[in-house]
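Here the structure is laid out as structure tokens; the discussion comes afterwards.
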Amino acid sequence: MPASQPRSRARDRNNVLNRAEFLSLNQPLKGNQESRSSSRKQSGQAGAAGAQNSNPKERRQSQQLPEEDCMQLNPSFKGIAFNSLLAIDICMSKRLGVCANRASSWGGARSMINLLGITGHGIPWIAGTLICLVKSSTLAGQEVLMNLLLALLLDIMIVAGLQKLAKRKGPYDVTPGLLDYLTMDTYAFPAGHASRAAMLSKFFLNHLVLAIPLRILLVLWALCVGFSRVMIGRHHITDVLSGFVFGYLQFRLVELIWMSSNTCQMLISIW
């Protein structure tokens, strides 16, 4: 009998089904259960202690993360529409930036497009208005020129203020010129050239007697000046369109605060 016991024990050890990994399929080992339960208790106690020791800000942030993820994964319809229009605007503006640099498809026409843009700068228009005001000898001419000077100054201040608030960059990394820095036209939204061209064309159409061909040319000049800024990569399409809108609103503002002939004469005498 004592000799049979070692034989049975050796047979049990050699039996593959008696190994721990096979026994655990039918009945888990008590030692493993106890070790797992103890490890779970320890991890639970450590987690509770860590949660108690964590700051309230971290707990609030952890509670807010799912909501933020939901907001990012499920944006509103307005957000989707705005982002889609913005992407289309950027894509179309980059495609139309054919003179953004010398390597562009129309890089050879960049100088001509820049020259067209200079006709919409504020500094040449202010200088020309002052020269015409000095040489003008009629009260009606001086009245129109003084209000034109007021409109140009308002345009520079309003556009510069809006650009500082928006701080939107252009579609291409184009360095502003010297005249742009003088008129504080360093950002993209709204387009200062477009607003100035729209305001000037509307001003001349209302206060100057022009033939129909000249009126058509004046409107075409305003459109060409605005979209030339898209061609050289300084502004987006929406920047130019908003510039046209702001230019018309500036014209309406000047019409509301129109200075009379007596006021203009008083200002000229002081100057």
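Each residue, glycine too, has its Cβ placed from N, Cα and C.
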Problem - Annotated stretch (transmembrane segment, per TrEMBL) among the listed ranges 112-138, 166-192 - result: 112-138
Fill in the blank from the handout: DSSP tally for the domain 'Phosphatidic acid phosphatase type 2/haloperoxidase' (143-255), helix/strand/coil in that order, comes to 84 helix, 0 strand, 29 coil
